[in-house]
Every structure is written in structure tokens, then in C-alpha cells.
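J.: Let me give you the structure first, and then I'll get to my questions.
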Amino acid sequence: MGTITLEQSRANVNLSSRTTFWKSLKYQLKEAFFPDDPFRQMSDHPPAPLRRTWSFLSYFFPVLAWAPKYKPTLFASDLLAGITIASLAIPQGISYAKLANVPPIIGLYSSFVPPLVYAVFGSSNNLAVGPVAAASLLLASSIRGKVSPEEQPELYLHTVFTAAFFTGLLQLIFGIFRLGILVDFLSRSTITGFMGGTATIIILQQFKGLLGLQHFTNKTDIVTVLHAVLANRREWKWQSAVLSLGFLVILLLARRLKEKVPRLFWVNAISPLLVVVMGGVIAFAVDGKDHGIPIVGDLKKGLNPISISQLQLKSPYISVALKAGLISGFIALAEGIAVGRSLALLKNEQTDGNKEMIAFGIMNIAGSFTSCYLTTGPFSKSAVNYHAGCKTPMSNVVMAVCIMLVLLWLTPLFKYTPLVALAAIIVVAMLGLIELHEMKHLFKVDKFDFCVCMAAFFGVVFVNMEVGLLLSVGLSIIRALLHVARPTTCKLGKVTGTELYRDLEHYPDSTTIPGVLILQLGSPIYFANANYLRERITRWVEAEGNICKEKGQDLQYIVFDMGGVAAIDNTGIGMLLEVHRMLGKKEIQVALTNPRLRVVEKLVAANFIDVLGKEWVFLSISDAVSGCRFALRQADNQDELQV
């Protein structure tokens with residue numbers, strides 16, 4: 001078999017570059033924990049020491065970046081947006097507090113302190129923070145198994161505060177140590193299925209309020225909930241049913257109006273407050289409490305009381321609060337970051353996920369000290385904030401001021417709010433979380449993603465929220481492991497009329513090179529996939545050898561396109577050596593094309609390049625094919641001379 005002169009490859013392929021261990025480690029850690037390079041502006045254009053300090057502080061306190069540039073023209077937009085989201089925060093706060101089995105006033109408390117904290121530490125201009133339905137139900141289902149909200153209301157409430165503290169602690173740690181990569185395991189399909197399933201069981205649980213039931217189940221699965229509705233049909237109250245139907249019609253018409261005439265979004269935004277006011281007037285006029293229309297009851301006037309001394313940091317309640325806080329906090333974190341990023345894209349802005357984690361963490365820790373439960377950035381409220389024209393986080397401050405005025409003077413007015421109104425508000429809000437169009441899109445584009453989505457959905461609906469989440473995350477991790485352990489390899493051919501080599505399955509009209517097999521290895525080569533790649537290469541060689549024999553030829557060269565191999569470990573190098581020895585026994589020469597720097601460094605250090613021969617490392621597939629043809633001609637010439 002012929003060889004190629006060493007000078008040919010040395011002119012094109014750099015095999016001598018080296019990166020020190022510490023430089024490589026620094027690069028890998030930076031890419032793992034600081035992929036956004038948050039301080040790049042300071043390194044590119046080093047400012048004066050004072051400006052450097054200010055830039056550093058502005059990173060951790062984003063308010064220092066936007067507040068000095070704040071203008072009265074911006075405040076006009078933020079004022080309108082803040083008042084609009086406050087009108088939504090009042091009914092949602094009361095409704096979601098009932099969902100979490102805490103007093104309704106806690107929902108208002110949670111819309112006062114957290115938004116003020118977020119305005120200082122948050123990086124999103126569009127996010128409006130407050131309680132969310134999914135986390136509220138998740139908290140309730142996680143805690144009430146150990147602490148009953150009916151039998152031990154104070155202890156239950158204190159455990160909820162403790163869960164909010166652990167949620168904040170988790171989120172703060174994630175942000176400080178740049179662990180946003182963990183949130184990425186909650187894929188879009190997982191979130192779609194989980195939120196859809198959660199919305200479904202939340203809607204079903206609202207039958208208690210819609211029908212005025214006194215007895216209901218504490219479980220969340222669909223079978224138990226429907227059984228409870230039918231088993232207690234003697235408690236159905238026609239007054240509540242009629243009123244709920246009227247409220248649902250009003251809310252759905254307002255929602256439909258927003259879809260048809262987007263500029264009238266504010267009608268949909270204030271419709272929940274309108275329903276609360278209408279319901280309160282009706283309940284007061286007909287003495288609803290005694291006529292089949294249960295009401296919220298007294299709401300205490302005043303600002304948030306301090307609750308730091310009420311945190312349950314002793315056994316056995318600390319373990320309950322820790323579990324509830326970690327699970328619900330993880331979900332709330334994923335939802336808040338996803339909402340912030342999606343709205344930022346609409347304005348061509350960027351949202352720093354790690355800064356958001358820090359903001360959420362401090363926000364929930366501060367909230368747990370001031371009688372608030374878990375808060376994040378709900379989609380419905382944030383979308384209203386965006387459409388209302390918010391410019392900066394100042395809209396959250398305006399909302400907090402509005403809630404403060406309500407807490408100080410207006411809370412008694414919400415005493416007669418009927419529970420049926422709150423149930424109707426929750427039902428309509430949850431309808432927007434069941435994304436049927438997204439599920440249909442997943443089925444059309446990626447069946448596995450659809451299965452992940454359905455695992456989350458049905459797990460939540462038929463078992464519970466934790467099982468649904470674990471099922472979908474487990475499937476997502478299995479898929480990620482399969483991508484690593486079973487990477488895709490493909491046979492390449494030359495696209496007619498070009499110098500390009502592409503997948504033959506994708507471009508079936510491409511031509512192959514007689515006696516040359518070109519394989520693309522498109523993933524890192526690790527211990528997890530080395531054996532598979534060796535077996536897959538062996539099968540490719542056997543199949544190509546049979547094709548060559550049918551044409552009266554011999555397979556003499558195999559070219560590995562290494563451009564997609566970002567990394568390789570010792571097991572991977574050992575696999576390449578084994579393949580080289582195996583093919584050598586069959587008189588098949590191995591060639592590599594376009595290996596990346598960190599791969600080349602390890603191949604050189606392991607003496608693989610010396611074993612292979614530097615002349616068999618090429619810059620491109622075209623060069624490798626030319627080299628193989630050159631070697632073939634040399635071999636043919638030598639055979640003719642010998643003859």
C-alpha cells in the first residue's frame with residue numbers, strides 16, 4: 001500500500017499546538033458556569049477603578065443599571081402597566097392563596113414585598129412577580145399530608161412560610177453557583193405537559209367552589225376528584241352554579257375580546273377584579289353566606305407582619321417544608337425564567353438566568369420573613385405587564401404600592417367576595433396553560449418529545465404532580481444519555497458538481513469513492529459510547545467490504561471525519577487504537593480529517609498520531625480523498641515496476 005509524503009500534511013494540519021492544563025481547566029469551568037461571560041465588558045474595555053466597582057455592583061443589583069437613566073416618560077408607561085397588573089394581582093392573590101390552603105390575605109401580602117425586592121435584584125423588564133397556581137397547589141399537596149390546614153391552620157401556615165424560605169435558599173444557591181444548567185433538564189416538552197396536567201387538576205378542583213360544596217377530597221388525581229364531585233352531589237347549590245356560569249361567561253368573553261382586538265387587552269386584565277366586585281355586591285345584597293353562596297370572610301387590615309420567628313426549623317416539620325420548598329421552587333424557577341426569556345425575545349432584550357435565580361431567591365427569602373408564600377413570575381400577569389407597555393421593573397414597584405394601599409384601607413371591602421368568583425377566575429386562568437396547539441406541534445415534529453409531554457401530563461392527572469414531573473424528567477434524562485451512548489454516525493458521499501461530502505441517506509445521489517469509506521463521527525467519543533462506535537464502525541466496514549467485492553474491488557481506506565468530535569477521553573483513544581489495529585490486519589488504512597485542537601492534543605499525547613502516521617491526518621475530506629488516490633496510484637506504479 002502506498003504512502004503520502006510527510007510534507008503534504010504538515011503544510012495543512014497543525015499537530016503541534018498545545019494548551020496548558022490550567023488554561024484548559026479554566027476554559028471548561030468558564031464555559032460550564034459562566035457561558036454568558038457576564039463581566040466581558042470590563043475585560044474588553046477596562047474602566048477606571050470606580051467605574052469597575054460600579055459595573056460589578058450593577059451586575060448583582062440591576063437597579064443600579066436602570067435607575068440612574070430613568071426618565072419621566074418611562075414612568076408614564078410603567079405607571080399604567082403597574083396599575084393594570086395590580087388589578088389582576090388582587091383577585092389572583094386571593095384565589096391562589098385559597099388554592100394553597102392559606103388565608104386569602106397571604107396572597108395579597110405575597111404581592112407586596114416580593115415585587116419590591118425583585119425591582120432591585122431582577123434583570124427582566126417584563127416580569128411581574130406574584131403567586132402562581134401550579135406552585136400553590138404543589139405546596140398544598142406536599143405539606144397537607146403531614147400537616148392538616150383544617151386541624152392545624154397556624155402550624156400549616158408556618159410550614160408554608162418555611163417552605164418559601166427553603167425555596168429562596170435553593171434558588172439563591174443556584175444563582176450564586178451558576179447552576180442554571182440543572183434547570184435546563186426541564187425541557188419545553190416537560191414544562192408543557194406538567195403545566196397542562198396541573199392546570200387540568202386545578203380546574204377539576206374548582207368544582208368545590210363552582211358548586212358550593214362543603215366536603216371535598218384532599219387528593220389531586222382526576223379519578224378521586226371526580227368521585228368526590230359526584231359523591232357529594234347532594235351538596236350542590238344551584239345559586240353557586242348559576243353565579244359561576246355567569247362569571248365564566250364574562251371572563252371568557254373578555255379573553256375572547258383580547259384575542260380579537262389586542263389593543264383592548266386591558267379589558268381582559270381587569271375582568272377578574274370586575275368579577276370579584278360584582279360577586280361581592282351580589283353576595284352582600286342577597287346575604288350570600290346564608291343562601292348557598294360561600295364568601296371569603298374577614299380580611300385583616302394592615303401591612304405584612306414579620307414571620308421570621310414562625311419558621312419551622314425543627315423536626316419533623318423541617319423535612320416536610322424542605323421537600324415542598326425544593327420541588328415547588330424548582331418548578332417556579334423554571335417557569336419564571338422561561339416566561340422572562342420568552343417576553344424578552346419579543347423586545348429583542350436579554351435576560352440573565354443566573355441573575356434571575358438570585359433575584360427569585362432573595363425575593364422568596366425576604367417573603368418568608370414577611371408572611372409571604374412562594375412567588376415567581378406567572379405568565380398571565382407578566383403577559384399583561386408586557387402588553388400594558390412596561391419599560392422597566394418599576395412597574396412592579398407601582399403594583400406593590402397599589403397592593404399596599406389595598407392592605408392599608410381596602411381589604412374589608414373584599415370580605416363578601418364569593419368563593420365561586422375565585423373559582424371562576426382560576427378556571428379561566430388555567431385554560432391558558434393547557435397548550436393543545438403545542439402538544440399537537442410536538443406530535444408532528446418529535447414523537448419522543450410528545451411522549452415526554454404526555455408522561456408529565458398523565459402522571460400529574462392520574463397520580464400526582466411529583467410523579468408526573470419525575471416521569472417526564474426521567475424520560476428526558478434517558479433520552480440525553482441515549483444521545484451520548486448511541487451517537488449518530490453516517491456514511492458520506494460526494495455531492496455531484498461540488499467538493500462537498502454529505503450524508504448519503506440525506507443526499508442519495510451523492511457518489512462514493514471506489515475503495516474508500518468515509519464516515520462522519522458527530523459526537524464526543526467517551527467511555528459511554530466507545531464500544532458502540534467500535535461495533536458500528538465494524539458493521540460499516542463489513543457492509544462496505546461486501547459492496548466492494550460485488551464490484552470486484554477491495555476496501556483499502558477508511559476516512560474518519562472528526563470535525564464534529566468536540567472531545568475524547570482515554571477510552572475513546574483506546575477504541576481508535578483497537579480499530580486501527582483491526583483494520584490494519586485487513587490491510588485497510590485509517591485517515592483522520594479536521595480533528596479539533598483538544599482532540600489532537602490528546603491523540604498526540606497518547607502517541608496515536610505516531611502509530612497512525614502524521615501523513616494520514618488531513619485538513620479536509622477532499623484532501624484525504626486526494627491523498628488516498630495518490631497512495632493508490634503510487635501502489636499501482638510500484639506493482640507495475642515489480643511486474
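Quick reminder: no glycine exception, Cβ is built from N, Cα and C everywhere.
Grabbed the feature section from TrEMBL, which reads as follows:
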type     : residues : note
TRANSMEM : 102-121  : transmembrane segment
TRANSMEM : 155-177  : transmembrane segment
TRANSMEM : 236-253  : transmembrane segment
TRANSMEM : 265-286  : transmembrane segment
TRANSMEM : 357-376  : transmembrane segment
TRANSMEM : 388-410  : transmembrane segment
TRANSMEM : 416-436  : transmembrane segment
TRANSMEM : 448-478  : transmembrane segment
DOMAIN   : 506-628  : domain 'STAS'
J.: With Cβ distances under 8 Å as the criterion, find the stretch in 102-121, 155-177, 416-436 that has the most pairs with the transmembrane segment (357-376).
T.: 155-177
J.: By DSSP assignment, list the helix, strand and coil residue numbers for the domain 'STAS' (506-628), in that order.
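T.: Its residues divide into 62 helix, 22 strand, 39 coil.
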J.: Can you tell me which recorded stretch out of 155-177, 265-286, 416-436 has the most Cβ pairs within less than 8 Å of the transmembrane segment (102-121)?
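T.: Going through each listed stretch, the top one turns out to be 155-177.
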J.: Do the transmembrane segment (416-436) and the transmembrane segment (236-253) come together with 3 or more C-beta pairs under 8 Å, pairs six or more apart in sequence?
T.: yes
J.: Give, as a single whole number between 0 and 100, the mean pLDDT over the domain 'STAS' (506-628).
T.: 92
